[in-house]
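Colleague: Take a look at what TrEMBL says about it:
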DOMAIN    141-378  domain 'Peptidase S8/S53'
ACT_SITE  Asp150  active site, charge relay system
ACT_SITE  His182  active site, charge relay system
ACT_SITE  Ser337  active site, charge relay system
Amino acid sequence: MAHQSTEQDAPLLNHMPLAGVDDEFIISYKHGVTGDQRREHQAALHNIVTQKPGFSGIGETWDMGGFQGYHVHMDPADLTYIDRNLVANIEPNGVVTACTTEEEVLAGKAMINQAPSTWGLGRISHHNKGYHNYIYNESAGSGVKIYVLDTGILTTHNEFGGRASWGHNFIPNSPDTDENGHGTHCAGTAIGATYGVSKKAFAIAVKVLNKNGSGYWSQVISGINWAYNNAGINRNKAVISMSLGGKFSQVVNDAVASATSGGMTVSVSAGNKNANVSGYSPASEESAVTVAAINSHDHKASFSNWGAGVDVFAAGVHVTSAWIGSDSATKTISGTSMSCPHVSGLAAYYIRLYNLSGKAVKGMIISSATTGLVINTNGSPNRIAYNNSGA
């Protein structure tokens with residue numbers, strides 16, 4: 001346990017670029033490490049690092065498919081005690097934030113025409129811009145669960161009609177509700193009766209961001225791990241929605257990849273830095289559906305990240321949805337955070353409509369997209385999410 005290891009076995013990645021806490025780390029194991037090896041490693045490390053006052057040692061542990069790891073609070077000087085023969089990556093516990101911006105800029109089923117609708121719903125159900133009605137199949141994502149990893153959800157909001165429920169809270173000393181509004185807004189766009197893409201789907205609140213809309217990668221990974229295990233045998237018919245992001249983290253990307261390998265569809269926001277998604281997580285994870293933002297004129301939003309890692313664009317400027325404060329509250333905001341749940345809802349919609357699962361869901365989102373209409377893609381694939389309404 002206390003042996004000194006070679007650096008090439010488990011590199012300490014991005015120590016300076018990640019703006020995190022300098023005495024907390026997220027650790028992932030190499031493939032093939034057994035449960036007994038993990039438990040022995042964690043127990044030995046915990047005993048060593050907690051001998052120093054003020055360090056709490058091993059925190060959350062994660063186990064989903066091909067991804068296992070843990071979060072640890074320890075003196076950085078003790079990193080040499082980590083068994084690098086077992087560990088794949090060691091990273092500082094970086095900061096993650098909600099991707100909003102202060103810039104306010106079917107077969108055999110009946111089709112329903114909601115009029116009026118938000119411009120974002122109009123955009124996802126028409127090949128061309130400018131529509132304010134939403135055309136969708138009546139199946140509407142019925143029964144599909146969307147795990148919303150965010151600030152929580154005001155589950156009593158009228159938009160949800162009992163289809164939103166509380167899952168788990170990874171923010172210490174915070175109530176089981178949304179104190180920010182961001183998570184409620186995203187859930188409304190995914191499943192809301194008025195503002196949602198999949199009006200019969202269910203949203204599960206997984207709180208990984210605090211009342212200020214920020215958190216740590218360890219909390220996000222814990223949320224992914226919880227959703228993966230909660231979905232169980234139905235995970236190939238479930239969606240994870242993450243309207244959040246931070247600087248690149250291989251550990252976070254590996255956690256997302258494990259969820260998708262296990263059958264889940266993961267929709268993520270591209271980010272709001274007007275930069276290449278390759279530098280950000282989870283936007284840079286290839287197996288996720290990475291969603292960039294357009295405005296109502298089909299221009300790439302000025303704030304939206306871009307690049308070859310983008311999968312589709314969706315509405316992200318001046319998007320109205322549910323909010324906190326009352327069960328009828330609404331708010332209009334902008335960000336790739338707003339684009340992401342349009343596609344999370346679309347994933348649930350396609351799962352139900354076409355009985356899709358796993359990787360086929362992402363494939364359908366890409367193959368059905370409207371192409372060639374986004375202005376200033378900046379190297380991103382020119383695709384706008386579309387629900388195959390025929391309009």
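Cβ coordinates come from backbone N, Cα and C, glycine included.
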Colleague: Averaged over the whole of the domain 'Peptidase S8/S53' (141-378), what is the pLDDT?
Modeller: 98
Colleague: Measure from the Cβ of Asp150 (active site, charge relay system) and count the other Cβ atoms within 10 Å, all protein chains considered.
Modeller: 31
Colleague: Using Cβ-Cβ distances, find the residues under 8 Å from Ser337 (active site, charge relay system) that belong to the same chain and are at least 6 apart in sequence, listing them in sequence order.
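Modeller: Spatial neighbours, sequence-distant, of Ser337 (active site, charge relay system): Ala98, Cys99, Thr100, His182, His185, Cys186, Ser243, Leu244, Ser269, Asn272, Gly316.
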